[in-house]
Amino acid sequence: MGAASGCRWPWPPLLPLLLMLLLPPPPLPVALALDSALQPGNFTADEAGAEDFAQSFNSSSEQVLFQSTAASWAHDTNITEENARRQEEAALISQEFSEVWGQKAKALYDPIWQNFTSRTLRRIIGVVRTLGSANLSPAKRQQYNSLLSNMTRIYSTAKVCFPNKTATCWSLDPELTNILATSRSYTLLLYAWEGWHNAAGIPLKPLYQDFTALSNEAYKQDGFSDTGAYWRSLYDSPTFTEDLERLYHQLEPLYLNLHAYVRRALHRQYGDRFINLRGPIPAHLLGNMWAQSWNNIYDMVVPFPGKPSLDVTSAMVQKGWNVTHMFRVAEEFFTSLGLLPMPPEFWAESMLEKPSDGREVVCHASAWDFYNRKDFRIKQCTQVTMDQLSTVHHEMGHVQYYLQYKDQHVSLRRGANPGFHEAIGDVLALSVSTPAHLHKIGLLDHVTSDWESDINYLLKMALEKIAFLPFGYLVDQWRWGVFSGRTPPLYNYDWWYLRTKYQGVCPPVVRNETHFDAGAKYHVPNVTPYIRYFVSFILQFQFHQALCKEAGHQGPLHQCDIYQSTRAGAKLRAVLQAGSSRPWQEVLKDMVGSGALDAQPLLDYFQPVTQWLEEQNQRSGDILGWPEYQWRPPMPDNYPEGIDLVSDEAEASKFVEEYDRRSQVVLNEYAEANWDYNTNITAEGSKRVLEKSTQMANHTVKYGIWARKFDVANIQNFTLKRMIKKIQDLERAALPFKELEEYNQILLDMETAYSVASVCHANSTCLQLEPDLTNLMATSRSYEELLWAWKGWRDKVGRAILPYFPKYVELTNKAARLNGYEDGGDAWRAAYEMPFLEQELEQLFQELQPLYLNLHAYVRRALHHHYGPEHINLEGPIPAHLLGNMWAQTWSNIYDLVVPFPSASKMDASEAMINQGWTPQRMFKEADNFFTSLGLLPVPPEFWNKSMLEKPTDGREVVCHASAWDFFNGKDFRIKQCTTVNMEDLVVAHHEMGHIQYFMQYKDLPVTFREGANPGFHEAIGDVLALSVSTPKHLRSINLLKSEDDGYEEDINFLMKMALDKVAFVPFSYLVDQWRWRVFDRSITKENYNQEWWSLRLKYQGLCPPVARSQGDFDPGAKFHIPSSVPYIRYFVSFIIQFQFHEALCQAAGHKGPLHKCDIYQSKEAGRRLADAMKLGLSKPWPEAMQLITGQPNVSASAMMTYFKPLLDWLVTENGRHGEKLGWPQYNWTPNSARLEGSFAGTGRVNFLGLNLEEQQARVGQWVLLFLGVTLLVATMGLTQRLFSIRHQILRRTHRGPQFGSEVELRHS
């Protein structure tokens, strides 16, 4: 609200309001004598003498007012001590002038002036005789002036500084104003609001109390009960306060509906925590420091966002509008009505922009009358915005008023009442803001005239006009209470009582009587009456309606534009030229036909949006008002440190769009470099990988740091919040550059050591892991040959990786801590978004343990039968090299040794595949066919052209570990696999194709969401299909199994084969990250890496090393995922949920019968469920994806137990028949190959459980194992009882399993 000079009255009592000293006042000047020429002469004490008195006063007053105004202008446009001193000198002269002329008027005319026949003369004498502060003694007058100066200085120089910093401080204009207008960060808005109210308000309170006492003392001498009574007298109505209350209540329903609608929109933005739909709105969220107008949050509340924007700020900037042009456009509007142009002095002397020469100025927009009938100016720190364009018209309205009444007596050069002066410019702004007018002046390309556009426009106007009404009403309600003595000493309590009562807003932080929040509003310390604005907001719509009628407008009032109507201009001119020479009621009646303030034109103007708001609020079930009026919002987290965080969702959307666009390029280049290296291991390829890793890290850091500028806690859009939280995690890129380079090099060196390693015979024949050692471990039944391969691989790979691993752990932990996690394990577990992940996983493991222990006991007996008692102890752990796999993670390769019914039909399709000439490509074509049979997507041409489906024969070194690749361009997806034509690799092919299908289903999501719902989901999809592929029914359908036998023995054989793959894997997949998590949290140190590894393998798998291992060995490093830093618990999760998926999809496919016989091939309904879940990617929490597939959101082992129920029953019977002991009570047994007699000569070391340890380590180990043994014995006894009852239990039961988050590596293993 422009409230400065344009709203100052020229009569003496308010001349002190011109004192705006922004610097500490200089020493009080010596008393200045008023020039004798300005002293009143001798006049007769009658009406004729009074006429002469008024004429003489007019000429003298113009001189004094010009000098005083010029001094104030000089100070406000260049705040210096010298200008402050000159301003105060001029103010003192003005007060002395007021005193001598006022006292003269009282002495001569007090008995008779109210009986003068001239109404105009009565009005002039009435003004002159009211002295105001000039009634005070000279000492109190100086005290009064000093209080005004200091209050103005405190307000004008107050600043809010950034927390813990002094360099970054914000002034109200433009910094804090812009923050309140544009920020959507709850915490930043709070800091700006609280900072300003503290900085400006608190120091003012004692000064305002003293000012109030002096002001009341002065006006009581003029016959008023207090200052408020004088202010109200300017409206010359005995029922003024009652009229105002009537008007307010007439408008209140419209405000309440607007309030409820806006509150609902703010609730969408800030959520339940900060917005109570039954309470007041926190006062800092409405786009304005005082919540007096809400148009700055229009973007948050716009009814129909698809309609063209009505904020033409961007058009003004694009068209090159500057500040001068804005004022020329406003001037042209006035002249188009036949009103006066601005005089040359206006353009020569006004300050229309904030000076760039370093001067301190008072930026508050104001219009100035220099009382010489030619010099009129505006002071405004204008910015090129639509909002400021309205302010320009408002201020120029004041100047037009000055121009029109400049020939009136100086005492009558004011508005008909104070509200008139504020209304004139705003009347024109009502026309200027219409889409039709904006089109006329080239700021809107098209005028969209439809109902939705009208509602948008009217709501935008309501945010400015209706939202202001209660604030415009309450400010002086509070001050009148202060002046009357009703409010003190509870200034702040009453201020917030009124603001809650009328506005429905509340303070966002605790406020008390040490605060003085009313003082944070310009008009309070600058002693500018405020009820004028409430009056003006009523009047301007009365004026607008009358002028539109005069202009011949037809149609809704809100569409009227009086531009170029000279008839409207003539009517307006009559009001302006009258000044205050006539009662305002007469002037108003001449203008609108009625002499009373009337809210009906305002209600008519907003009628369409009023009805729309009522309907919206009823539809939303919103409560009008704030019944929970005592509610206050909580303090935000991380306040005030997090104030610079951004919660503006529009800005956040732009950020994630840019991140997504750039990420696709960077990730594609990173994937290509890694692919080239993995399919051709060379030094040049290694160098390129490191370059792209650095590029990727830089990208991650750049956007991660940018993402950390967003306040995700206060972003309400779920998708935005989820994306930004993920981008904020810099992962390894959080490391300093040198350490990041070192980290990347360590990973590359470890992975290279793993990938190129080979084990050589004495004759120099060397075997690589793929396919040589893998085939040997799968097919050999020679104890010694298996031992050679097992030991050779670990000696070659593990020992090579060990030197790198401690540093890798250190850097992984450092990166995790830099990302806000406790250690690397904590960071990995965070992907599952579960506070009790470890406990939930343990529960799942315990549910599956009976199945594993029975399988372990059965397989151990079979191995005992094959290898004999010297190699197998029926009550001890199994040597780890005998289970058909380098890591004993799956045992399906020893199926021939453990087959329950050897005479039953064989189900291994490997031989048929070879005999039928299957190739690796044929295997993947078959997998692709399975997916398409479900109605899922076929792989694109790029897949067949670019994948590496076989180990190259050209001598290239490659990483053979099977993996699926997403190149992040929406069309390039590949698999890298050294495929062997056998049944096992056919299953692997389906597993990897499951990853590819997942990639294709979520390819249109933002990059951030192109991951599985949780890491286990991505691993499970292909395996779900493999459960069908493995069934005899499906193998027959693809001609890989000819036998039609499908009896009990075949069922048990099939389930045994599946259990060797699925059940045997459960403890290994569980323990790998149990070990790593403990390494990361330092409960396992580098001195006992290997010892703890084998402790866990013994505890969970019941395995022991076949040869003595020492701490110089590093057997975990012999598993791909350890040197490659790939989290492993995902596989444990995937092996459980794949059975849940299988069970649900089988139901969808209409399968009847045992779960293990289900084949979902060609079921479109099963495919639809899978596709719906995969399309979500990571965009929703994983329970939602689980719900789409299974109909419930939890992870449970029950489906897996159901699947293997027939086998478990058979195993329990078979183990019981042989008297097998479940578990490994002789846990300290080691095979002959691992035994060495006594101590290691000359070393002081001993052999313990196959480990080469210090004697003290061995002693500790013995005690630990004794404790484990007792525990295991108790557990075994309990387990035996449980197993006898388990056959009679219904395994289908609801289980509230863990709820996982997700994160996918670039390569899926």
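Numbers run from 1 along the shown chain.
Cβ from N, Cα, C; glycine included.
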Cross-link partner of Cys978 (disulfide, per Swiss-Prot) out of Cys960, Cys1104: Cys960
Candidates Cys7, Cys169 - disulfide partner of Cys161 as recorded in Swiss-Prot: Cys169
Record Swiss-Prot, residue Cys363, disulfide partner from Cys381, Cys506: Cys381
Residue among Glu1011, Glu1019 sharing the Zn(2+) 2 site, where Swiss-Prot lists His991, His995 as binders: Glu1019
Asn717 (N-linked glycosylation site) and Cys161 (disulfide bond), Cα-Cα, nearest whole angstrom: 30
Of the glycosylation sites listed as Asn58, Asn115, Asn1194, the one whose CA lies nearest the CA of Cys548 (disulfide bond): Asn58
His523 (active site, proton donor 1) versus Glu422 (Zn(2+) 1 binding site) - Cα distance in angstrom: 14
Spatially closest candidate among His394, His398, His523, His991, Glu1019, the listed recorded positions, to Asn717 (N-linked glycosylation site) (Cα to Cα): Glu1019
Residue pair Asn512 (N-linked glycosylation site), Asn150 (N-linked glycosylation site) - Cα distance, angstrom, rounded: 23
Rounded Cα-Cα span from Cys381 (disulfide bond) to His398 (Zn(2+) 1 binding site), Å: 17
Listed glycosylation sites (Asn512, Asn1228), ranked by Cβ neighbours within 10 Å, top entry: Asn1228
Candidate with the highest Cβ count within 10 Å, taken from the disulfide-bonded residues Cys760, Cys978, Cys1158: Cys1158
Lowest local Cβ density (other Cβ within 10 Å) among recorded positions: His398, His523, His991, His995: His523
Residue among recorded positions His394, His523, His995 with Cα closest to the Cα of Cys978 (disulfide bond): His995
Average model confidence [pLDDT] within the topological domain 'Cytoplasmic' (1281-1309): 30
